[in-house]
Amino acid sequence: HGGYNSRRFPAASPLERTVFAAGNTGGSLADLLQVSDFDGEGSSNMESALHQRDHIGVQDAVLLENYESEDAFLENLQKRFRANLIYTYIGTVVVSVNPYKQVGIYDKTTMETYRGINFYEEPPHIYAIADTAYRSMMNEGRDQCVLISGESGSGKTVFVSNTAFPGKHSGKV
């Protein structure tokens, strides 16, 4: 499947695409920032990338400069939430902030985007967790567990109902 494909998931920010690329090529983020086009007009530089990060946060909390700070973690979630990015990874764990509105990220096209790809190949999404668990179950021949936790009324039932893969996986799980 290769690298990030903006046609497959156009809502991701340029910074999210660059962070993905840095993590998957072994290159440094600074190296990639100098060759990436952040505003579509060729004026990329480290300062614009940092401004973008400061506006929308990072997609994986382990990339936070102060990763041990609860305040930094919560601030990152708030930034992402304001940008309608409700999912954030902490390594292989996904944190979701309930937007209490339809966000249009649970359609069949998005589901297919996450099917059979490497975990960090696309921005954070519950479909990445579901597909990774399914493939691990099939490849290892062992049951898998996905823990979904939240307060009453936080959207757990809606969350679970949106992760059921129709078609290829149906009837096999």
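Along the chain as shown, residues are numbered 1 onward.
Note that Cβ sites are derived from N, Cα and C of the backbone, with glycine treated the same way.
Per TrEMBL, these features apply:
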type    : residues                                                       : note
BINDING : GLY150, GLU151, SER152, GLY153, SER154, GLY155, LYS156, THR157 : ATP binding site
DOMAIN  : 57-173                                                         : domain 'Myosin motor'
Cβ-based isolation winner (fewest other Cβ atoms within 10 Å) among the binding-site residues GLY150, GLY153, GLY155: GLY153
Nonlocal neighbours by CB distance (under 8 Å) for SER152 (ATP binding site), same chain, sequence gap 6 or more: none
Chain-mates of GLY150, GLU151, SER152, GLY153, SER154, GLY155, LYS156, THR157 with C-beta within 8 Å of site centroid, ATP: ASN98
Among GLU151, SER154, LYS156 [binding-site residues], residue with fewest other Cβ within 10 Å: GLU151
Helix, strand and coil residues within the domain 'Myosin motor' (57-173) as assigned by DSSP: 50 helix, 9 strand, 58 coil
Other C-beta atoms that fall within 10 angstroms of the C-beta of THR157 (ATP binding site): 11
Mean of the pLDDT scores, which run from 0 to 100, over the domain 'Myosin motor' (57-173): 86
